[in-house]
Structures are given as structure tokens and as C-alpha cells.
Amino acid sequence: MSNSLSEQSSLGSVCEEVRPSFLRARDPSVDRCFRPRPDRQVRLFDEIQEEGQTDYNSDADVSSSSEDVSTALSEASNDTTTDSNAALVYLRLKPVTNISTSYTITPKGNVLTVGPSNDASSTSNNKNKMEQHYSFSAVFESNVKQDEVYRICIAPRIENQTDSFTVLTYGTSGSGKTFTLLGTPNHPGIVPRAVENIFRMNASNIYPQPALKLEKGTACILDDDALAREEHMRQTLLESCVGMNADHELLEKTIKAEHDFQTIVQDEVSVFIWISFVEIYNELVFDLLSPPSQHSKLSQQMAPQPRKSLKVATNDGKVFIQGLTSVYVKSCSESLKLLHWGLQHVSYASTSINSNSSRSHCIFFIDVIKYYSSGVVVDTSYKFCDLAGSERLSKTRNIGSRLTEAKGINTSLMTLGRCLDAANNNKKLKTKSQVIPVRESKLTMLLQAALLGKEKLTMIVNVTPTDLFYEENMNVLRFSAIAKNITFKQPVKPVNKSRYSFVVEKAKSAAEEIIFLRSEVERLTSEMQYRLLEQERLLRQELVGSFEQKLAEKQKDYELTLKRELQIQQRIHDAQIESLKRQYENKIEDLREQYEEEEIERKRRTLE
Ligand SMILES: Nc1ncnc2c1ncn2[C@@H]1O[C@H](COP(=O)(O)OP(=O)(O)OP(=O)(O)O)[C@@H](O)[C@H]1O
């Protein structure tokens, strides 16, 4: 091995030629041109590789003898953080009770020294029992709290405002990747803190309508129908997040107590914030924020519906996921509710190492689009990627579907390693660039902006410092050392798209007009309702009046008729009385005559 290395350096052709080695095991699945090649003189035995593992340390920032400590320390003090295009790689140690004596931190220079394994049965490739030194941008020991990790790793990137970036958490299963990225309600991770930071900074400029959106990686204006659809989807998703308020209140309270994020007062700028969330499970991309349809709600009660995977595509060099749900968010709490809602759909499972182990790579996207009144549109994209644990199949004792998942996880992590390795090699090649194999896995396709140097890269390496994880940690550290060496050639610049000025202005005025028209419709509707009520009232009044008048007339008529009738009856009655009177008078007259006649008759008789 030393032979091959010295040959390489003496020949001065470090990376162009492939030099086979009988000592160094190669992963047969790795294409020749992508195999890592050493370019530094290291000790013979450090290069011995066992169990056919992929070796990422060929040109890693690993010094393999105690003499190299000083070199490593000086390298660490000349940290790549001074180069604004360099990848930032941080180390975070998980708090454990049985900490291994193999790991030592040298705070000056942020160096982790790994001694030989304490485990006699270890199959470690560090057979020569030499110390190895890994330097980082910063090292977080077990007692370092979440807020400090955020303040050092992420806050400067966010507060810079114009740089897009990707954050990766990488480590063995159960080493604290998810804890670092998402945390718990009492110990929020970097994602909730970043969301709060972004909203706090832009608090005075958040636009109330989803008028601008990234479509296929390009900022576009939404027409009325699309805007209404976005609003509807937003509401549907937020309504699905009921019952999550308690956790968010605690989370936001904790973040506000630990940070003092400042609002940046900016005139003449409108900010549009969109979020999306995906998981890559067994090399398939799934949308974690797809809105629940009425149909799926019903069918879920009967049997779980198979999920639909999405395609990754590119447009003008920009990667996007076809049909991915992107949600317009107006506040930190809305974003966190959606994040937690999405997390309910992530593939977790219990392994022998972690009872709640992520079985997929998850990426949370935050797109911030800024429209300046000068007509400039700047879109900044933040990706937070929780990589699934790198694991040894023997240690996790996975079988069946867990084994398939583990193989998928390890394959995509291997491709990621090869991409970082190629990017690292390109740093050294002055003339010819090596192709970075980003298209070989879904994970690297989605992270290609960072891997191809178009946006900044931050990696947080999580390590469980116990003897049990010695070998896995060595692989993780070699991997991180490659990432630490990368300096991207292209400086990352904000994309100013002044050609959007007219359309964006139009969108803005159209959005304002929509608001005005909607309020006008509401005003006219209520005015019309009032008028209708008023008309009804008047009509009622008129009807009542006319009925009253008619009644009065009728009453008068009836009274007259009655009076007339009474008069007639009176007259009839009088006539009848008169006739009866006459009849009786005649009768009385007759009777009187009759009496007189009888009287005369009686007198006559008496006289006779
Ligand atoms: N720095 C830390 N402080 C306190 N607890 C931690 C820390 N890091 C990890 N843990 C705890 O360790 C456990 C495993 O962590 P976590 O789930 O984040 O691991 P992981 O690396 O995401 O694992 P996997 O890849 O299997 O999903 C969790 O219960 C978590 O709370």
C-alpha cells in the first residue's frame, strides 16, 4: 500500500490513474472512476480494510500517527470556516453513561482523537492501534444544549438571508440525528428554531396571500384559480392538524426563552414562505404533506391505502419533485404544525439499537421568496435532511423488511459518500473535473444543489461515543472528514431575477385587486341584503296600510248597509205595526159597533 502511495506521489498523477491494490478491499459495486484514491502519504496498516466495507478515508482529513497531531491541530485552527464556500462539518457527541476511553476531544482546534478500540473482539480496521485525528468546524460535547448547536451551526447561515443551504445530520442509528434536527417539545432542534428565526426576521414583511410560488424551481405568479386552490389546500391541511396546539405552544415558548431573534425592518419587500416535506424510503420519494382527500379518509378506515411515490426531475438545472405539495405558511406555528403532521407519516420502526428508528431519509424544505419593489425577486431555499442511520446489518439484527430498508439506506449513503469524495477530488484537480454521481440515488439527486456547489453545505456528525459503535463511528468520521475537505469552486450567489419585475408587480397589484374585489363583493352583498330587508319592510307596511284602508272602507260599507237595512226593517216594522194598529182599530170599531148594536138590541128587548 505504501508502495502504491509513494508511487503515486512520485509520479505526480494522484487521481488520473487507477492503481489496483491487493491489500485494499474494493467495493465491487463502485465504478472504477469513482473509487476513492489516496493522495496523502499515510501509514501502511491504516489502509487495511476488512469486511469489504466501503472506505471513505482515502484522502480524508485523517492523520494516522501521533506525530501528525500537531499537523491536525494546526489544520483545525486554519479551519475551513474562514472560507465562505467550504462545507461546515460539526461533531456532536451523544450523552452516554458508558463513554469509551477511545475518544478524546482537544477543544483547541476542535479535534477528536480516536484511539484503538477497547473491545478485544473488535474487527476494526484500525489494527495497528494508532491514534486517528479528525478536525471539525466545531465540536459539541455531550453537555452542549440544543440552543448552542443552533446558534453556532445554523443561525449565521439564516441571518445571512441570501444564501441557500443544505443541512445534513449523519451518524449511526440512535446517535441523535433526529434529536439534533427536530428535538422534542422541551428541547427543540434546529428546524423549529430555524423556522422561528425566519419568521421573526421577516415578521413585518410576510405577504398575506400565496401570490408567488416556486414552480419547477422557478418563481411564478399564481392566477386567481391557483391562488384559491392554494388557500383551500392550506386550510384543509391546517384543519387536519387539530389537537397539536399544546406541543407547539411549549415549543415556541422554549425557543423564545432561549433566543432573542430580531425582526429586520425592510421597506418595500414582500416575503413569501413555502414549506414541503418528503421522505425517501427504499429509493422511493413520498410526499409527507399530501392533503388528506375525503376518499382516502374513508378508505383508511377500512384498509391503509398504498402511498404514491413521486418523480424527481430537473428543469434548467434545477431539481424539483413532480407533484410535491408545497404549503404557503404565514407563521411559525403553522409551519410547525405541518411539520409534526408530516412526521406522523414518516416510516419509523423499532430496531435493536433505536426503539424509534427513522427508516428513511427525510428532507424538510423551506423556500423563502422575496420580492423587492425594485422588481428583483430573490429565492432562498433551505433543506434540512435527517439521514437514516448508517448501520451494520449484524448489529441491528435486521431481517425481512427491516433488512431491505437497511440495505437501501446504506446504498444511498454510499452514493452520498461517493459524491462528497468526487467533490473533494475536484477541489484538487486544476484542469479536469470528475463527474459527481448525483443521479445515482434519489437522496443525492435531491441534495445535488449542495453537492454540486450551488448552495452551501452544513453537516452535523452525530456520534455515540461507546465501544459498541467503535467501527461504525470510524466509518462515519472518515465520511465526515471528506465532507470537511470540500471547498466549492463556484461562489454561491443570490439569484436576482429582475425580469420578473413586471409580472410580479402585476401579481402584486392583481393580488391587491383580488382583496379589494372580494371586500367589494362582501360590501355589495351586505348592502343588497339590507336593501332587500328594507324593501320587504316597506312592502309589509304598504300592504298593512292598504289592508287597513280596505278594512275601514269595508267597515264603512257594512255600517251603511246595516244602517240602510235597519231603516228598511224599521220601516217594515212601522208599516206592520201601522197595519196591525189599523187592523185592531177596525176590529175595535167592529166590536164597538157590534156592542152598540147588541146594546140597542138588549135595550129594545128590555123595552119589549
Ligand atoms: N444530545 C442528546 N441529548 C439528549 N438525548 C439525546 C441526545 N442525542 C440523542 N438523544 C436521545 O437518543 C435517542 C435516539 O436519538 P435519535 O432518535 O435522534 O437517533 P437517530 O440518530 O435519529 O436514530 P435513527 O437513525 O435510528 O433514527 C432519543 O431518545 C434521543 O432523545
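The chain as shown is numbered from 1 upward.
The backbone N, Cα and C atoms fix where each Cβ goes, glycine too.
Record features (TrEMBL):
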type	residues	note
BINDING	G171, T172, S173, G174, S175, G176, K177, T178	ATP binding site
COILED	563-608	coiled coil
COMPBIAS	59-75	compositional bias 'Low complexity'
DOMAIN	86-486	domain 'Kinesin motor'
REGION	50-79	region 'Disordered'
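DSSP assigns K177 (ATP binding site) to a helix in the three-state reduction. Among the binding-site residues T172, S173, S175, G176, K177, the residues whose Cβ lies under 6 Å from any atom of ligand 1 are, in sequence order, S173, S175, G176, K177.
Looking only at the coiled coil (563-608), the predicted model's pLDDT averages out at 90.
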